[in-house]
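Read through the structure below, which is laid out as structure tokens, and then see the notes.
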């Protein structure tokens with residue numbers, strides 16, 4: 001049976017050796033070059049491949065068409081991935097006639113994602129294992145073929161557990177590989193409701209929170225001890241690393257981070273006390289805890305912290321252009337709930353953000369971005385993060401005022417981008433789900449889906465293309481001039497303060513606001529082309545939480561990334577949206593103050609939007625990047641969003657006497 005293998009690390013070596021022992025014909029092995037910054041305590045897949053006389057490659061992008069063609073030309077029966085760090089595209093997965101299999105270091109569906117070895121220790125688990133599963137587009141979500149359980153001892157470290165998992169992988173593969181060879185093997189679908197997903201870990205994740213319990217800190221130490229970078233804390237401005245520690249019970253309570261004794265070195269935590277058994281200063285040598293205390297100049301009663309005293313930073317200054325808009329005002333509210341942020345905003349109106357005026361951390365100027373260029377440049381220079389949210393984003397304007405869309409959405413925003421490059425400021429740019437255009441993929445993926453638009457005479461694409469070109473310009477500035485950026489793509493965010501009913505009266509609003517106006521005025525709800533178009537509707541609170549996490553940018557996860565923000569579970573046609581809205585309207589307490597429902601009316605898009613319009617049948621996001629980079633999953637159901645949006649708008653209407 002011919003196999004193509006993707007592998008890295010010790011488990012990659014174990015997988016290759018198991019395949020050879022089972023008599024598989026490995027035609028090629030794909031691996032990663034060793035990173036100079038990484039501690040190479042593990043075996044080399046490249047060396048293992050060479051010892052077996054198997055061709056080995058380390059492409060920068062294995063999903064490039066050239067590599068896809070090479071893999072397909074090998075006509076593999078099976079594909080195996082053993083700790084390979086990149087996802088494989090569907091074309092590669094589908095090239096294996098029997099199937100593609102991945103070996104994952106946990107008992108799926110638990111601990112999907114990156115670094116499960118470390119995460120299970122951080123979380124204090126007593127059992128883990130390895131899982132061989134079928135590979136599908138969604139990471140770690142395919143049917144389970146085989147599992148091998150591994151007990152976690154109380155004093156287990158990441159390295160000892162790693163060795164156990166490597167042996168478990170060899171044992172599992174020894175049993176299952178001959179079965180796969182027959183073409184008849186078990187496939188048990190995962191219970192996705194039980195899935196847990198974890199992101200990658202970096203050295204900064206070793207920072208000790210002394211307010212955690214002693215057992216939680218001990219678990220962290222075990223999870224990241226040598227050869228990983230280690231758990232760490234600070235005495236004043238000096239960093240120290242903890243290599244071995246244990247939780248103690250029954251000691252006198254004290255403020256978290258307080259040194260209780262120096263021989264042994266014992267620190268008070270948020271629950272119990274922690275004995276530091278071994279550690280070292282940042283540039284020192286490995287030593288016992290009491291010597292570490294002496295080296296750091298510690299005495300009983302001293303305070304240890306989670307960050308250097310000199311690094312306690314000022315608030316992050318966030319510049320929001322278009323702060324009075326739908327996203328801008330909700331984002332401002334979320335940022336002001338966290339004392340770590342200060343908001344500077346510009347917009348041509350202030351009705352939505354008037355509730356923040358007077359907050360000492362909110363600074364607002366009324367103005368137009370096309371006029372106040374000097375103010376904008378000064379504040380880009382002054383602030384840390386820039387969000388240019390000003391844009392014309394209502395479909396009817398794309399055909400009614402295409403040049404104005406281009407001038408504002410592209411030209412004015414390009415100036416802002418260039419100022420961010422000039423002053424080396426981080427930009428979080430609102431791309432759009434519209435950039436995917438008429439893409440035929442079932443779900444739209446930030447890194448792989450094609451961006452397809454219609455002919456030039458369909459002017460509705462001027463918004464999509466303006467945004468796409470800015471995405472490409474920002475990406476190029478990131479590659480060539482070091483611009484720090486994140487592109488986020490909202491998928492049909494809804495909620496209170498989305499447009500307003502006056503905008504809806506002239507057709508310049510999003511779908512739900514237009515539908516609410518029809519109900520309020522007693523006019524027929526117009527279903528463009530029958531309302532068959534499907535969209536994935538996202539609650540504004542879910543969207544803002546994702547955007548807030550992008551601004552936080554823990555471990556710089558979001559730098560240079562594109563992130564879809566949408567709710568694929570809230571997919572509905574525009575007609576279904578209208579029907580759900582009508583049901584909510586009919587049961588609302590204020591219903592009797594409004595005219596009777598006037599029915600639905602189907603309208604051709606060219607009649608409503610003009611001859612330059614063209615629509616898209618579906619638009620569903622992949623949110624894999626959001627899961628992976630910011631640990632985000634939307635939670636609000638569409639019915640709740642509709643109820644809250646309708647309630648907000650009905651309460652803004654000047655009520656008449658109840659209808660008879």
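Start at 1 and count along the chain as shown; that gives each residue its number.
Just so you know, glycine gets a Cβ as well, placed from its N, Cα and C.
The NAD(+) site recorded in Swiss-Prot includes 368, 369, and the single candidate from 347, 351, 384 that the record places there is 347. Together with 136, 137, 138, 139, 140, the (6R)-10-formyltetrahydrofolate site in Swiss-Prot holds one more listed residue from 114, 201, which is 114. In sequence order, 321, 322, 346, 348, 367, 370, 371, 372, 390 are the residues of the same chain, not among 347, 368, 369, whose CB sits within 8 A of the CB centroid for the NAD(+) site.
Cα distances from residue 433 (UDP-alpha-D-glucuronate binding site) to the recorded positions 102, 104, 137, 347, 368 are smallest for 137. In the three-state DSSP reading, residue 369 (NAD(+) binding site) counts as coil. Taking only the Cα positions, the spacing between residue 139 ((6R)-10-formyltetrahydrofolate binding site) and residue 102 (site 'Transition state stabilizer') is 10 angstrom. Residue 434 (active site, proton acceptor) and residue 619 (active site, proton donor) have their C-alpha atoms 9 Å apart, to the nearest angstrom. Reported as a whole number, the C-alpha separation between residue 102 (site 'Transition state stabilizer') and residue 619 (active site, proton donor) equals 29 Å.
Around the Cβ of residue 619 (active site, proton donor), the same chain contributes 433, 436, 444, 491, 492, 534, 535, 536, each under 8 angstroms and 6 or more positions distant in sequence.
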